[in-house]
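Data block below; observations after.
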Amino acid sequence: MAFLILVTLALASAHYSGEHFEGEKVFRVNVEDENHINLLHTLASTTQIDFWKPDSVTQIKPHSTADFRVKAEDILTVEDFLKQNELHYEVLINNLRLVLEGQFGRQVPATGHSYEKYNRWETIEAWTQQVTSENPDLISRRSIGTTFEGRTIYLLKVGKAGQNKPAIFMDCGFHAREWISPAFWQWFVREXIRTYGQEIHMTELLDKLDFYVLPVGNIDGYVYTWTKNRMWRKTRSTQVGTNCVGTDPTRNFDAGWCKIGASRNPCDETYCGPAAESEKETKALANFIRSNLSSIKAYLTIHSYSQMMLYPYSYDYKLTENNAELNALAKATVKELATLHGTKYTYGPGATTIYPAAGGSDDWAYDQGIKYSFTFELRDKGRYGFALPESQISPTCEETLLAIKHLARYVLQHLY
(Lines of atoms letter the chains of each structure in order from A and count residues from 1; the text may use other names and numbers.)
(Lines give C-alpha, C1' and ligand atoms only; values in the text may rest on other atoms or scores of the structure.)
Protein backbone atom coordinates (compact mmCIF):
# COMPACT_ATOMS: atom_id res chain seq x y z
CA MET A 1 0.00 0.00 0.00
CA ALA A 2 2.81 2.41 0.90
CA PHE A 3 4.46 1.66 -2.44
CA LEU A 4 1.20 2.34 -4.28
CA ILE A 5 0.79 5.67 -2.51
CA LEU A 6 4.35 6.67 -3.38
CA VAL A 7 3.88 5.73 -7.02
CA THR A 8 0.60 7.65 -7.16
CA LEU A 9 2.22 10.72 -5.62
CA ALA A 10 5.17 10.48 -7.97
CA LEU A 11 2.95 10.24 -11.03
CA ALA A 12 0.80 13.12 -9.85
CA SER A 13 3.85 15.24 -9.11
CA ALA A 14 5.31 14.50 -12.53
CA HIS A 15 2.09 15.40 -14.28
CA TYR A 16 1.48 18.62 -12.41
CA SER A 17 5.09 19.78 -12.57
CA GLY A 18 4.61 21.34 -16.00
CA GLU A 19 8.03 19.92 -16.81
CA HIS A 20 7.53 20.39 -20.55
CA PHE A 21 7.50 24.15 -19.96
CA GLU A 22 10.79 24.39 -18.07
CA GLY A 23 12.49 27.69 -18.82
CA GLU A 24 9.74 29.00 -21.08
CA LYS A 25 8.86 32.68 -20.79
CA VAL A 26 5.86 34.85 -21.53
CA PHE A 27 6.68 38.24 -23.02
CA ARG A 28 4.58 41.38 -23.32
CA VAL A 29 5.61 43.70 -26.14
CA ASN A 30 4.41 47.28 -26.52
CA VAL A 31 3.09 47.81 -30.05
CA GLU A 32 3.01 51.44 -31.13
CA ASP A 33 2.62 51.40 -34.91
CA GLU A 34 2.49 49.36 -38.11
CA ASN A 35 6.26 49.01 -38.13
CA HIS A 36 6.13 47.23 -34.78
CA ILE A 37 3.38 44.97 -36.10
CA ASN A 38 5.47 44.08 -39.15
CA LEU A 39 8.43 43.28 -36.94
CA LEU A 40 6.34 40.89 -34.85
CA HIS A 41 5.08 39.26 -38.06
CA THR A 42 8.71 38.71 -39.02
CA LEU A 43 9.51 37.25 -35.61
CA ALA A 44 6.50 34.93 -35.69
CA SER A 45 7.43 33.69 -39.16
CA THR A 46 10.90 32.62 -38.06
CA THR A 47 10.27 31.49 -34.48
CA GLN A 48 7.60 29.25 -32.98
CA ILE A 49 5.55 31.58 -30.77
CA ASP A 50 2.34 30.86 -28.86
CA PHE A 51 0.28 34.04 -28.80
CA TRP A 52 -1.76 34.46 -25.63
CA LYS A 53 -3.26 37.89 -26.30
CA PRO A 54 -4.26 38.48 -28.99
CA ASP A 55 -4.86 34.96 -30.28
CA SER A 56 -2.70 35.46 -33.36
CA VAL A 57 -0.04 37.78 -34.74
CA THR A 58 -2.57 38.79 -37.42
CA GLN A 59 -4.77 40.39 -34.75
CA ILE A 60 -2.20 42.77 -33.29
CA LYS A 61 -3.26 46.41 -33.48
CA PRO A 62 -1.30 49.68 -33.08
CA HIS A 63 -1.24 51.21 -29.60
CA SER A 64 -1.71 47.84 -27.90
CA THR A 65 0.32 45.07 -26.32
CA ALA A 66 1.03 41.52 -27.43
CA ASP A 67 1.55 38.65 -24.97
CA PHE A 68 3.23 35.48 -26.23
CA ARG A 69 4.94 32.34 -24.94
CA VAL A 70 8.43 31.40 -26.11
CA LYS A 71 10.17 28.04 -25.76
CA ALA A 72 13.35 27.95 -23.70
CA GLU A 73 15.61 27.28 -26.69
CA ASP A 74 14.29 30.36 -28.51
CA ILE A 75 14.43 32.90 -25.70
CA LEU A 76 17.84 34.38 -26.51
CA THR A 77 16.90 34.71 -30.17
CA VAL A 78 13.65 36.47 -29.30
CA GLU A 79 15.24 38.80 -26.76
CA ASP A 80 17.99 39.74 -29.22
CA PHE A 81 15.40 40.46 -31.90
CA LEU A 82 13.32 42.65 -29.60
CA LYS A 83 16.36 44.60 -28.40
CA GLN A 84 17.89 45.06 -31.85
CA ASN A 85 14.61 46.43 -33.17
CA GLU A 86 14.02 48.60 -30.10
CA LEU A 87 10.75 46.93 -29.22
CA HIS A 88 9.96 47.64 -25.58
CA TYR A 89 8.97 44.55 -23.66
CA GLU A 90 8.61 43.03 -20.24
CA VAL A 91 8.72 39.44 -19.08
CA LEU A 92 5.37 38.52 -17.53
CA ILE A 93 6.36 34.96 -16.65
CA ASN A 94 10.03 34.10 -16.21
CA ASN A 95 9.65 30.32 -15.96
CA LEU A 96 6.30 28.89 -17.00
CA ARG A 97 6.97 25.57 -15.31
CA LEU A 98 7.12 27.21 -11.90
CA VAL A 99 3.92 29.18 -12.51
CA LEU A 100 2.07 26.06 -13.64
CA GLU A 101 3.21 24.21 -10.55
CA GLY A 102 2.09 27.19 -8.49
CA GLN A 103 -1.43 27.00 -9.91
CA PHE A 104 -2.30 24.36 -7.38
CA GLY A 105 -2.70 25.00 -3.69
CA ARG A 106 -0.70 21.90 -2.91
CA GLN A 107 1.56 19.63 -4.94
CA VAL A 108 -1.02 16.89 -5.47
CA PRO A 109 -4.54 18.20 -6.23
CA ALA A 110 -7.34 17.05 -3.99
CA THR A 111 -9.12 13.87 -4.99
CA GLY A 112 -12.82 14.34 -5.59
CA HIS A 113 -14.59 17.47 -6.71
CA SER A 114 -13.82 20.88 -5.20
CA TYR A 115 -15.28 24.26 -6.08
CA GLU A 116 -12.04 25.99 -5.13
CA LYS A 117 -9.77 23.72 -7.18
CA TYR A 118 -9.38 22.97 -10.85
CA ASN A 119 -11.05 19.66 -11.60
CA ARG A 120 -10.31 17.03 -14.23
CA TRP A 121 -13.05 16.22 -16.74
CA GLU A 122 -13.74 12.84 -15.15
CA THR A 123 -14.37 14.62 -11.86
CA ILE A 124 -16.59 17.25 -13.49
CA GLU A 125 -18.56 14.56 -15.32
CA ALA A 126 -19.21 12.68 -12.08
CA TRP A 127 -20.12 15.97 -10.39
CA THR A 128 -22.80 16.72 -13.00
CA GLN A 129 -24.44 13.39 -12.19
CA GLN A 130 -24.17 13.96 -8.44
CA VAL A 131 -25.65 17.48 -8.37
CA THR A 132 -28.46 16.31 -10.63
CA SER A 133 -29.38 13.32 -8.50
CA GLU A 134 -29.13 15.32 -5.26
CA ASN A 135 -31.18 18.29 -6.54
CA PRO A 136 -33.85 16.90 -8.90
CA ASP A 137 -36.17 19.82 -8.18
CA LEU A 138 -33.59 22.32 -9.46
CA ILE A 139 -31.24 20.53 -11.87
CA SER A 140 -31.57 18.12 -14.76
CA ARG A 141 -28.91 16.75 -17.11
CA ARG A 142 -29.08 15.74 -20.74
CA SER A 143 -26.69 14.76 -23.51
CA ILE A 144 -26.59 17.06 -26.53
CA GLY A 145 -24.02 15.08 -28.51
CA THR A 146 -20.55 13.58 -28.43
CA THR A 147 -17.08 14.98 -29.01
CA PHE A 148 -14.66 13.98 -31.77
CA GLU A 149 -13.09 11.45 -29.38
CA GLY A 150 -16.48 10.09 -28.34
CA ARG A 151 -17.04 11.76 -24.97
CA THR A 152 -20.60 12.70 -24.00
CA ILE A 153 -21.37 16.42 -24.08
CA TYR A 154 -23.57 17.09 -21.05
CA LEU A 155 -25.83 20.09 -20.59
CA LEU A 156 -27.33 21.04 -17.23
CA LYS A 157 -30.64 22.86 -16.86
CA VAL A 158 -30.73 24.84 -13.64
CA GLY A 159 -34.07 26.27 -12.53
CA LYS A 160 -37.28 25.44 -10.71
CA ALA A 161 -39.50 23.19 -12.79
CA GLY A 162 -42.07 25.14 -14.78
CA GLN A 163 -43.75 25.36 -18.16
CA ASN A 164 -42.48 27.55 -21.01
CA LYS A 165 -39.90 29.43 -18.96
CA PRO A 166 -37.52 31.84 -20.69
CA ALA A 167 -33.91 30.70 -20.55
CA ILE A 168 -30.31 31.88 -20.56
CA PHE A 169 -27.71 29.68 -22.26
CA MET A 170 -24.23 29.73 -20.74
CA ASP A 171 -21.12 27.84 -21.87
CA CYS A 172 -17.50 27.61 -20.85
CA GLY A 173 -14.32 25.78 -21.67
CA PHE A 174 -14.34 26.16 -25.45
CA HIS A 175 -10.65 27.06 -25.29
CA ALA A 176 -9.12 24.14 -23.46
CA ARG A 177 -6.38 25.96 -21.55
CA GLU A 178 -8.73 28.55 -20.00
CA TRP A 179 -9.35 26.53 -16.83
CA ILE A 180 -10.98 29.34 -14.85
CA SER A 181 -13.92 29.20 -17.25
CA PRO A 182 -15.24 25.71 -16.31
CA ALA A 183 -14.42 26.51 -12.69
CA PHE A 184 -16.84 29.43 -12.78
CA TRP A 185 -19.83 27.51 -14.10
CA GLN A 186 -19.37 24.85 -11.44
CA TRP A 187 -19.36 27.67 -8.90
CA PHE A 188 -22.52 29.12 -10.44
CA VAL A 189 -24.36 25.81 -10.11
CA ARG A 190 -23.19 25.43 -6.51
CA GLU A 191 -24.40 28.92 -5.59
CA UNK A 192 -27.76 28.34 -7.19
CA ILE A 193 -28.26 25.20 -5.13
CA ARG A 194 -26.87 26.75 -1.96
CA THR A 195 -28.83 30.01 -2.01
CA TYR A 196 -32.14 29.00 -3.59
CA GLY A 197 -34.92 29.77 -1.12
CA GLN A 198 -32.57 31.90 1.00
CA GLU A 199 -31.29 34.72 -1.23
CA ILE A 200 -34.08 36.69 -2.85
CA HIS A 201 -32.45 37.46 -6.20
CA MET A 202 -31.19 33.94 -6.95
CA THR A 203 -34.52 32.49 -5.86
CA GLU A 204 -36.40 34.80 -8.21
CA LEU A 205 -34.06 34.01 -11.09
CA LEU A 206 -34.41 30.25 -10.69
CA ASP A 207 -38.17 30.51 -10.22
CA LYS A 208 -38.66 32.54 -13.38
CA LEU A 209 -35.75 31.52 -15.62
CA ASP A 210 -33.99 28.36 -16.70
CA PHE A 211 -30.21 28.41 -17.05
CA TYR A 212 -28.76 26.01 -19.59
CA VAL A 213 -25.18 25.40 -18.48
CA LEU A 214 -22.60 23.67 -20.68
CA PRO A 215 -19.89 22.76 -18.13
CA VAL A 216 -17.09 22.19 -20.68
CA GLY A 217 -17.59 22.93 -24.36
CA ASN A 218 -14.30 21.46 -25.60
CA ILE A 219 -13.99 18.31 -23.51
CA ASP A 220 -11.35 16.56 -25.63
CA GLY A 221 -9.10 19.61 -25.53
CA TYR A 222 -9.67 20.08 -21.80
CA VAL A 223 -8.67 16.46 -21.12
CA TYR A 224 -5.57 16.99 -23.25
CA THR A 225 -4.51 19.97 -21.12
CA TRP A 226 -4.52 17.66 -18.10
CA THR A 227 -2.74 14.72 -19.71
CA LYS A 228 -0.40 16.00 -22.43
CA ASN A 229 -0.14 19.75 -22.97
CA ARG A 230 -1.38 22.30 -20.45
CA MET A 231 -1.29 25.06 -23.08
CA TRP A 232 -3.50 23.30 -25.67
CA ARG A 233 -6.25 25.56 -27.04
CA LYS A 234 -8.16 23.89 -29.88
CA THR A 235 -10.36 20.82 -30.27
CA ARG A 236 -8.71 17.44 -30.96
CA SER A 237 -10.24 16.67 -34.35
CA THR A 238 -8.12 15.35 -37.21
CA GLN A 239 -8.58 15.57 -40.94
CA VAL A 240 -7.12 14.21 -44.14
CA GLY A 241 -4.17 16.04 -45.63
CA THR A 242 -2.53 17.41 -42.48
CA ASN A 243 -0.80 16.14 -39.37
CA CYS A 244 -1.93 19.20 -37.43
CA VAL A 245 -4.70 18.58 -34.92
CA GLY A 246 -7.70 20.62 -33.88
CA THR A 247 -9.87 23.57 -34.80
CA ASP A 248 -10.47 26.77 -32.84
CA PRO A 249 -14.12 26.31 -31.81
CA THR A 250 -14.63 30.06 -31.48
CA ARG A 251 -13.75 30.47 -35.15
CA ASN A 252 -16.00 27.59 -36.25
CA PHE A 253 -19.50 29.05 -35.94
CA ASP A 254 -21.41 30.27 -38.98
CA ALA A 255 -20.99 33.97 -38.27
CA GLY A 256 -18.85 35.58 -40.95
CA TRP A 257 -17.03 32.24 -40.94
CA CYS A 258 -13.29 32.61 -41.66
CA LYS A 259 -13.83 36.11 -43.01
CA ILE A 260 -11.47 37.95 -40.65
CA GLY A 261 -9.30 37.18 -37.63
CA ALA A 262 -9.23 33.46 -38.41
CA SER A 263 -6.88 31.17 -40.30
CA ARG A 264 -7.38 28.51 -42.96
CA ASN A 265 -4.09 26.88 -41.95
CA PRO A 266 -4.84 23.74 -39.85
CA CYS A 267 -1.61 24.27 -37.92
CA ASP A 268 -2.61 27.72 -36.64
CA GLU A 269 -4.24 28.31 -33.26
CA THR A 270 -7.08 30.26 -34.90
CA TYR A 271 -7.82 27.63 -37.57
CA CYS A 272 -11.47 28.01 -38.53
CA GLY A 273 -11.94 24.38 -39.60
CA PRO A 274 -12.76 22.95 -43.03
CA ALA A 275 -16.31 24.37 -42.83
CA ALA A 276 -18.59 26.21 -40.44
CA GLU A 277 -19.79 23.87 -37.67
CA SER A 278 -17.35 21.19 -38.82
CA GLU A 279 -16.59 20.42 -35.18
CA LYS A 280 -18.93 18.06 -33.37
CA GLU A 281 -18.74 20.31 -30.31
CA THR A 282 -19.84 23.49 -32.09
CA LYS A 283 -22.48 21.58 -34.05
CA ALA A 284 -23.96 20.15 -30.84
CA LEU A 285 -24.26 23.58 -29.24
CA ALA A 286 -25.67 25.17 -32.39
CA ASN A 287 -28.24 22.40 -32.87
CA PHE A 288 -29.46 22.71 -29.29
CA ILE A 289 -29.83 26.47 -29.50
CA ARG A 290 -31.59 26.28 -32.86
CA SER A 291 -34.04 23.80 -31.35
CA ASN A 292 -34.74 26.07 -28.37
CA LEU A 293 -34.63 29.54 -29.91
CA SER A 294 -38.13 30.42 -28.79
CA SER A 295 -37.13 30.23 -25.12
CA ILE A 296 -33.47 31.31 -25.07
CA LYS A 297 -33.29 35.06 -24.39
CA ALA A 298 -29.59 35.47 -23.61
CA TYR A 299 -26.35 33.74 -24.53
CA LEU A 300 -23.19 33.98 -22.41
CA THR A 301 -19.82 32.42 -23.19
CA ILE A 302 -17.00 32.50 -20.64
CA HIS A 303 -13.31 32.76 -21.52
CA SER A 304 -10.05 34.14 -20.15
CA TYR A 305 -8.02 36.26 -19.89
CA SER A 306 -8.05 40.10 -20.04
CA GLN A 307 -11.03 41.20 -17.89
CA MET A 308 -13.43 42.21 -20.63
CA MET A 309 -17.14 42.00 -21.37
CA LEU A 310 -17.71 41.92 -25.11
CA TYR A 311 -20.76 41.90 -27.32
CA PRO A 312 -21.35 41.64 -31.11
CA TYR A 313 -19.98 42.14 -33.52
CA SER A 314 -16.53 40.60 -33.75
CA TYR A 315 -16.69 39.44 -37.38
CA ASP A 316 -17.55 42.94 -38.58
CA TYR A 317 -16.99 46.50 -37.44
CA LYS A 318 -20.68 47.27 -37.86
CA LEU A 319 -22.73 47.86 -34.72
CA THR A 320 -25.77 45.87 -33.72
CA GLU A 321 -29.25 47.37 -33.90
CA ASN A 322 -29.42 47.45 -30.10
CA ASN A 323 -25.82 48.56 -29.59
CA ALA A 324 -26.79 51.34 -27.18
CA GLU A 325 -28.71 48.89 -25.00
CA LEU A 326 -25.90 46.30 -25.03
CA ASN A 327 -23.36 48.98 -24.17
CA ALA A 328 -25.44 50.28 -21.26
CA LEU A 329 -26.04 46.76 -19.97
CA ALA A 330 -22.35 45.88 -20.21
CA LYS A 331 -21.41 49.10 -18.40
CA ALA A 332 -23.82 48.38 -15.56
CA THR A 333 -22.75 44.73 -15.36
CA VAL A 334 -19.02 45.40 -15.06
CA LYS A 335 -19.79 48.13 -12.51
CA GLU A 336 -21.64 45.53 -10.43
CA LEU A 337 -18.74 43.10 -10.81
CA ALA A 338 -16.28 45.68 -9.49
CA THR A 339 -18.23 46.28 -6.28
CA LEU A 340 -16.81 43.18 -4.59
CA HIS A 341 -13.06 43.19 -5.18
CA GLY A 342 -12.55 46.31 -7.28
CA THR A 343 -11.71 44.32 -10.41
CA LYS A 344 -11.90 46.56 -13.46
CA TYR A 345 -13.30 45.32 -16.76
CA THR A 346 -13.26 46.88 -20.21
CA TYR A 347 -16.41 46.51 -22.30
CA GLY A 348 -17.61 47.10 -25.84
CA PRO A 349 -18.12 45.50 -29.27
CA GLY A 350 -15.66 42.69 -29.85
CA ALA A 351 -14.07 43.92 -33.08
CA THR A 352 -13.12 47.35 -31.76
CA THR A 353 -12.59 46.51 -28.09
CA ILE A 354 -10.24 43.55 -28.47
CA TYR A 355 -9.79 42.49 -32.13
CA PRO A 356 -11.86 41.34 -35.12
CA ALA A 357 -12.54 37.61 -35.17
CA ALA A 358 -15.00 35.73 -37.35
CA GLY A 359 -16.85 32.55 -36.41
CA GLY A 360 -17.55 33.37 -32.76
CA SER A 361 -20.43 31.84 -30.86
CA ASP A 362 -21.65 35.16 -29.45
CA ASP A 363 -21.99 36.71 -32.91
CA TRP A 364 -23.70 33.55 -34.16
CA ALA A 365 -26.17 33.54 -31.26
CA TYR A 366 -26.98 37.20 -31.84
CA ASP A 367 -27.61 36.58 -35.53
CA GLN A 368 -29.97 33.76 -34.54
CA GLY A 369 -32.10 36.36 -32.79
CA ILE A 370 -30.72 36.17 -29.23
CA LYS A 371 -30.26 39.87 -28.67
CA TYR A 372 -28.50 39.66 -25.29
CA SER A 373 -25.30 37.91 -26.34
CA PHE A 374 -22.04 38.44 -24.44
CA THR A 375 -18.52 37.11 -24.04
CA PHE A 376 -16.79 37.40 -20.67
CA GLU A 377 -12.99 37.33 -20.51
CA LEU A 378 -12.24 36.62 -16.85
CA ARG A 379 -9.12 37.35 -14.77
CA ASP A 380 -6.44 38.35 -15.04
CA LYS A 381 -4.71 40.93 -17.23
CA GLY A 382 -1.58 38.91 -17.85
CA ARG A 383 0.32 38.42 -14.60
CA TYR A 384 -0.63 34.74 -14.76
CA GLY A 385 -2.64 34.62 -17.97
CA PHE A 386 -3.90 31.11 -18.63
CA ALA A 387 -2.09 29.84 -15.53
CA LEU A 388 -4.34 31.64 -13.03
CA PRO A 389 -3.67 30.08 -9.60
CA GLU A 390 -6.34 28.27 -7.65
CA SER A 391 -6.13 30.94 -4.96
CA GLN A 392 -7.93 33.25 -7.41
CA ILE A 393 -10.82 30.90 -8.19
CA SER A 394 -12.99 32.09 -5.30
CA PRO A 395 -12.64 35.86 -5.82
CA THR A 396 -12.96 35.47 -9.59
CA CYS A 397 -16.11 33.39 -9.28
CA GLU A 398 -17.63 35.58 -6.57
CA GLU A 399 -17.38 38.75 -8.63
CA THR A 400 -18.44 37.05 -11.86
CA LEU A 401 -21.51 35.63 -10.13
CA LEU A 402 -22.55 39.18 -9.21
CA ALA A 403 -22.21 40.18 -12.85
CA ILE A 404 -24.21 37.22 -14.16
CA LYS A 405 -27.01 37.77 -11.64
CA HIS A 406 -27.20 41.45 -12.56
CA LEU A 407 -27.37 40.63 -16.26
CA ALA A 408 -29.95 37.87 -15.71
CA ARG A 409 -32.20 40.22 -13.73
CA TYR A 410 -32.05 42.69 -16.60
CA VAL A 411 -32.97 40.00 -19.11
CA LEU A 412 -35.87 38.91 -16.91
CA GLN A 413 -37.15 42.49 -16.84
CA HIS A 414 -36.76 42.92 -20.61
CA LEU A 415 -38.16 39.73 -22.08
CA TYR A 416 -39.00 39.78 -25.76
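Each residue, glycine too, has its Cβ placed from N, Cα and C.
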Inset, instruction - Determine, on the basis of Swiss-Prot, the cysteine among C244, C272 paired with C258 in a disulphide. - result: C272
Legend entry - Record Swiss-Prot, residue C267, disulfide partner from C172, C244: C244
Inset, instruction - By CA-CA distance, flag whichever of C267, C272, H303 among the recorded positions is nearest to R177 (substrate binding site). - result: H303
Inset, instruction - Between H303 (Zn(2+) binding site) and C244 (disulfide bond), find the distance joining the two CA atoms and give it rounded to the nearest Å. - result: 24
Legend entry - Cβ-Cβ distance under 8 Å to R233 (substrate binding site), same chain, at least six residues away: H175, A176, R177, G221, G246, D248, E269
Legend entry - Count of other CB atoms lying within 10 Å of the CB belonging to R177 (substrate binding site): 23
Legend entry - disulfide-bonded residues compared (C244, C258, C272) - highest count of Cβ atoms within 10 Å: C272
Legend entry - recorded positions near E178 (Zn(2+) binding site) (Cα-Cα within 10 Å), from C244, R251, C267, C272, Y305: Y305
